[in-house]
Every structure is written in structure tokens, then in C-alpha cells.
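All remarks here apply to the structure that follows.
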Amino acid sequence: MKSPAPSRPQKMALIPACIFLCFAALSVQAEETPVTPQPPDILLGPLFNDVQNAKLFPDQKTFADAVPNSDPLMILADYRMQQNQSGFDLRHFVNVNFTLPKEGEKYVPPEGQSLREHIDGLWPVLTRSTENTEKWDSLLPLPEPYVVPGGRFREVYYWDSYFTMLGLAESGHWDKVADMVANFAHEIDTYGHIPNGNRSYYLSRSQPPFFAMMVELLAQHEGDAALKQYLPQMQKEYAYWMDGVENLQAGQQEKRVVKLQDGTLLNRYWDDRDTPRPESWVEDIATAKSNPNRPATEIYRDLRSAAASGWDFSSRWMDNPQQLNTLRTTSIVPVDLNSLMFKMEKILARASKAAGDNAMANQYETLANARQKGIEKYLWNDQQGWYADYDLKSHKVRNQLTAAALFPLYVNAAAKDRANKMATATKTHLLQPGGLNTTSVKSGQQWDAPNGWAPLQWVATEGLQNYGQKEVAMDISWHFLTNVQHTYDREKKLVEKYDVSTTGTGGGGGEYPLQDGFGWTNGVTLKMLDLICPKEQPCDNVPATRPTVKSATTQPSTKEAQPTP
């Protein structure tokens, strides 16, 4: 193994010092946090466990979302008194003591709507308001209205919302975009971070960090005022993701931060709890029991951390793609997460400059530059020719190609030559008749083949366009839009995910039935419609023939190629 150049340790040592300065100067730790609402598995203890294990409801999320009609301690005391009595009926007890979530009314769109008209008509249908909630409700109140994904997802979700907001902006609903940014800022101020969703059982983790990009989106409409207004919350979120960095030694990890042997700082997904997820209680217990060679708490943490990634679940996190109990999310450094952290640092630099703090802007630029070098060094697989995740156990970059590999292009963190290789890999290994495959592995998990997801289609499309790869970008958009249109023509709805091995079929796999609505699919579909059709002639449905790309190979990316580590 080569010895590092004499100057390298000194150079790397600057990075932690910079972070300490950023945090100390800004005092960005979350404000005095109120008492954190307890999730239902803690509030209800053995009653929650017994109800979920009895499988009273087809979906475990149903009871997790149920609202106690009185003090949970009193309900639990009554349960302990009654449970062993002759003729005790658990379902009746639940019906008496809890208000179950109502099934949403099935939305029937007006006849003859175009795809665009259908989406525009859905925004009010998917809008919710929970300024006040019941005392023991798992639902967390938010000050402004928000748009939910749809179906079983009755709350707002973090990373879903960015792609939903792209569609809201495309529809001209900037007021709703502003409301959702305000809600997420409220969560940061209240809880110190943005939880997976606005439920008490989601508070122990976050999701892919898109808040800074949401603020940047709002700034397209409101200008730098939005960047300055939400700079404190962006700083607090950054502090959450970097929490514990000041105590890390080389080769150590703490919560969401990883410090590699040469001092490079990267991030991973993490959940603060190591118990079954309340919304998937029975499934998680079964997964842990199926692998007695691992501590159950370790499996629970990795299941929860995979949920934090948004990719729940995928062969990406597993040693054996056919066995969920081999997932080890916390020992993997994800390429998409670190691309988003790079983007967060760049936006923080821009916002600091807008606020007149050039010194702090330079500090964030230094952090972004260091992370970019880390991405190029550790998250590029030179043998395969694509970006990939880094394995903390093997100390090597992994071999699997996934749609997450397009994230460095999406945030303009990729070297030009590597972006070109990514375009080739994407077209060769991931592009299918109905869009971009999530991976090329068929595991039965929903974040694997043959499923394609709207956010990943948009990340790939935008990322490839950033580097002048307009033909491949158009192929992805065209194939996915055709899939969405064919499904809509037949079923009059948009869905959460699609089978991209064909067109006109919703995706499968995972822990629950296919959901419709659907927030992020609506948003990405609108963005893609406006991408493939000229502005002077916007299209309301997907055209019958694929549009040509004008100057597809012109205007190469202005991004300078980074030196190969």
C-alpha cells in the first residue's frame, strides 16, 4: 500500500477543523427541543405488540396510525385487567378504545381528462391540513397545508415531497411549495431534523436530505430572500447529519457520519432505534427471526436505516439479494446520500453568501470540495466504469450498478469523463422499454428490477442533461412517460412505481399493495411533459412519437473534469 504524500495528512486535517468552525460560529445545534412524542409501540407496550402479532388488520400501518380514545396508560391498564378474562375479544377492545384511520374516498376523475388535467385536478385531492391533532395521535401537527403521496400514505414524506413540489411549481402552485418548505422548516426547529414522515414513529430517522434543494426551488420564485430566510434551518439540518463528527477518529462511524482512514468524511443512513418498525412490526420480527446468526437489534437497525434511505428494500443493501435478513445498510456508504450532502453544502455556501457571510460561504465550499474528492475517490468503481456505494466492511467500492449512480451527475459532482461512462452504463444496463430500472437484480423487493420509480427517472434525466447526454436523457423520459401514459389510459390513475420491463403496468414487490395517487409520479410526469414538448406548444398527453433532441451532443457540461484519485 502506498504511503501518502507528506502534505496529505495536513490537507485532510483542515476539514474537521473547518466543520468545528462552521458549527461553533453558527451555533446551529437544534434549539431546546420539546418533549418528543412517543411512538405507539412505546405508548402502548405489550398491547401494541399483541395487536400487531394478532394481525387484526391486513396492513400493520393501520394500528400504528390508530388514535387512542383516552390516556394510553389507562387503556393499557384496562387491557391487562381484561386480557385473561373468559371471552375477551381483542378486536372489540381495539374498536372501543381506538379511532382507526379512515379509508380515503376513492377518487374518480372526470371523464375525458388528459394526463396533465388529471394531475392538476389531483393537487387539491392530495392536500391535507393537520394544524391540530389529537393528544395521543401518532400524526405530528404541521402549521401549513401539505400534499401527501396518496393511498396508505396519509402523511407527508420527506424525500417524496421534493419531487411532488417540482410538479406543484410546474403547475404554478408556488403557494403550496412555500407552505411545504415552511412545514419542513418547522420540523427542523421542533425536532432538530426532518423525520421520515410526520408520524411519531418516524422521528428516529430522516430520509434523503432534499430540504436545501426545496429552498433552492422556492428561490426560483422568491429569489435570494428564500435562501436567507431558511439558512438557519438548512444549517441545523446539516448539523443533524454531521452530529458526532467532532469525536470521530479515523476509521470510525458515529450515527450518520463516517470518517475513513485518510480522514475523508462521508455519510451513511442511520436510525436511532433498534426495534421493529411499528408500521411493519410483524414483518420485521419475522425477518430478524429468520437469521439467528445475527442479533435481532442489528437487523432491526439495518431495516430502519434502509427505510431512512427511501430504498426499502433493495438488493443494494443485502449480501444475498434473495434474503432480506442479510441487509446491512449501516455498513454501506451510499453514493446518492453523499451526492445530496455535497449539494447541501453548495447551497449552504450560496445562501451564506446571499446573507453577506462570505467567510462562512468559503467554509461550506471547502466542505463541498472535500466531499467531492471523497465521492470521486471512494464511490467510483473504476473497473466497472460507474459510481457505486462504498462497503465499510470490505473497505472497497461495491460492484453493483443501481440508479443511485446517477446522483453525482444530478448534483454536478461528477468528473466529465466519468459522466460519459455513466451514460454508457445507464443505456447498456439500466434502460428498459418502460423507463430506468432501479437495479438489474430481481429480488422480489420493490427497489429492484423490474421496478422503476419516478424520482430516479428524473435524477437520471437531469443528471445526464447536465453533462450534455441529451439523447440518453430523452430516452429515459420518453420510455417512462410512455409507461405512465399507457397505465393512465387503461386505469385512469398514476401509481407509486412501474414495471419498466414493459409499458402500461404498475410495479410489484415490497410490503404493501401498489398505491395510487401519486405525489412524486405526478410531479415528475409534469416535469417530463414540459421537457419533451416545446414551451410554445405544451403537451397535455405524451406525444404518439418520440420527439427528436435538438443539438443533442452540443453544449458539453461546463463542469471541469476532476483528477482521478
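Placement of Cβ uses the backbone N, Cα and C atoms for every residue, glycine included.
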- Here Swiss-Prot annotates region 'Disordered', and of 426-453, 538-565 the range meant is 538-565
- How would DSSP class GLN207 (substrate binding site) in three states? coil
- Query: Which whole number of Å gives the largest C-alpha distance between any two of ARG152, TRP159, ASP160, ASN196, ARG205, SER206, GLN207, ARG277, PRO278, GLU279, GLY310, GLU511, the residues noted as binding substrate?
  - Reply: 21
- Residue, out of the binding-site residues ARG152, ARG205, whose Cβ gathers the largest set of other Cβ atoms within 10 Å: ARG205
